[in-house]
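Features as listed in Swiss-Prot:
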| type | residues | note |
| --- | --- | --- |
| TRANSIT | 1-29 | transit peptide |
| BINDING | Arg20, Tyr74, Asn202, Arg399 | substrate binding site |
| MOD_RES | Ser40 | phosphoserine |
| MOD_RES | Lys69 | N6-acetyllysine |
| MOD_RES | Lys172 | N6-succinyllysine |
| MOD_RES | Lys179 | N6-acetyllysine |
| MOD_RES | Lys263 | N6-(pyridoxal phosphate)lysine |
| MOD_RES | Lys263 | N6-succinyllysine |
| MOD_RES | Lys263 | N6-acetyllysine |
| MOD_RES | Lys339 | N6-succinyllysine |
| MOD_RES | Lys339 | N6-acetyllysine |
| MOD_RES | Lys367 | N6-succinyllysine |
| MOD_RES | Lys367 | N6-acetyllysine |
| MOD_RES | Lys422 | N6-acetyllysine |
Amino acid sequence: MNYSRFLTATSLARKPSPIRTTADILSKAPKTLISLAPGSPNPSMFPFKSAAFTVENGSTIRFEDDLIKRALQYSPSYGIPELLSWLKQFQVKLHNPPTVNYPPNQGQMDLCITSGCQDGLCKAFEMLINPGDTILVNEPLFPGTLYAMKPLGCNIINVPSDEHGIIPEGLKKILSQWKPEDSKDPTKKTPKFLYTVPNGNNPTGNSLTGDRKKEIYELARKYDFLIIEDDPYYFLQFSKPWEPTFLSMDVDGRVIRADTFSKTVSSGLRVGFMTGPKTLIQNIVLHTQVSSVHACTLSQLMILQLLHQWGEEGFLAHIDRTIDFYKNQRDSILAAADKWLRGLAEWHVPKAGMFLWIKVKGISDTKQLIEEKAIEREVLLVPGNGFFIDGSAPTSFFRASFSLATPAQMDTAFQRLAQLIKESL
């Protein structure tokens, strides 16, 4: 693929930082190497000398001596080599990307670690979006994505979707305004990429089926656009077998996938990872070299030590326990909704994730209801307008999260909300 046509002028101008290059060399060098290159602080002057973390099974992860010194020091912008290696092997096991053994300049799969997947996504957007570019999304979508894209001056087009995700026929209709060969002409402004959250979409909880993904991928090939597969809730799918990913069917090297440990291990550690064609991942890393420099070394090593202790089987066992918890939480909020909101509102059963997307009947704009009146009744929800491209347009929707509240709290919240809706009709 010709990746240069997707890159912005800023991204094309990026060059490796010589300082960061020496850090990469140092991370792989033998201990006999005498380093006078980097400006790394002397760890003997760091005030922290040890740390210990107790894991849920009662075991302990300890940071002492050389490990604590490493955890508090600069590290490579790509990510810690051992964690990169573990994650690459895990991605191959989970998704078996066709591009694993491609030549580096022809879409070979690569991976880098970011400060949460939002960090990686923002860098991907800035790598790809020029003012006036056409970008495809499916509403409603996470405001963090919208607010990262909008300042870049792109033309954001909504692709119709339902409870099973993006509707391929709707995408075909949008694409029909161009000819496939138009992608070779920058003045035609053909779509540069499709952004989607395929599992447990925030806020709807909808998931894209495998069959639809195949149709969408073929359209991406026909019209030559990239796919950004933002999948933070991949490990929170409530039914097995899990649907195949876009990465698993990427024969061209046109998929950039964003993963995170935020939903399953810790949101505060801020560790995510981006997988995709080497040319594009390298550009994200070049951005990291001169911005955040690298993801937190301590956070990366905490996760690495945990993964080494667990192994793949232990990690997936933790995922199963996590899924059971959130599935029970989902069932609790559905029970509360059915008890109090039946007849007043409607919703689909979330397939994954942490959210229930609710449409109130008879109220065309829930903004005041949710932002003011519900808070007065001590119920905090998110109004739906912020999840749409035109955030000023009225909407009957709002988002309820089932991640933190107890079943009793969910029941009480929806009881209060039901009374409020009745008063507002």
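Numbers here mean position along the shown chain, with the first residue as 1.
Yeah, the Cβs are placed from backbone N, Cα and C, and that goes for glycine too.
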Taking every protein chain in this structure into account, which of the recorded positions Ser40, Asn202 has the most other Cβ atoms within 10 Å of its Cβ?
Asn202
Mapped DSSP class for Lys367 (N6-succinyllysine), helix or strand or coil:
helix
Would you mind splitting the transit peptide (1-29) into helix, strand and coil residue counts from DSSP?
19 helix, 0 strand, 10 coil
Sort out the residues at least 6 away from either end of the transit peptide (1-29), same chain, that have Cβ-Cβ distances under 8 Å to it, and list them.
35, 37-40, 74-78, 80-81, 106-107, 126-130, 186, 192-193, 226, 252-254, 277, 279-280, 283, 286-287, 289-290, 293
Look up Arg399 (substrate binding site) in the DSSP assignment and reduce it to helix, strand or coil.
strand
Check the Cα-Cα distances from Lys422 (N6-acetyllysine) to the binding-site residues Arg20, Tyr74, Asn202, Arg399 and tell me which is shortest.
Arg399
Nearest of the modified residues to Asn202 (substrate binding site) by CA-CA distance, picking from Lys172, Lys179, Lys367?
Lys367
Restricting the comparison to the modified residues Lys172, Lys179, Lys263, which residue's C-alpha is spatially nearest the C-alpha of Tyr74 (substrate binding site)?
Lys263
Using Lys339 (N6-succinyllysine) as the reference point, find which of the modified residues Ser40, Lys69, Lys172, Lys367 has the shortest Cα-to-Cα distance to it.
Lys367
Sparsest-packed among the recorded positions, when each Cβ's other Cβ atoms within 10 Å are tallied, from Lys172, Lys263, Arg399:
Lys172
Including all protein chains shown, what's the count of other C-beta atoms within 10 A of the C-beta of Arg20 (substrate binding site)?
21
Measuring Cα to Cα, tell me the gap between Lys263 (N6-(pyridoxal phosphate)lysine) and the residue listed as 'phosphoserine' in whole angstrom.
32
Of all the recorded positions given, namely Arg20, Ser40, Lys69, Lys172, Lys179, which is spatially nearest to Lys367 (N6-succinyllysine) at the Cα level?
Lys172
Taking only the Cα atoms, work out how far Lys69 (N6-acetyllysine) lies from Arg20 (substrate binding site), in Å, as a whole number.
19
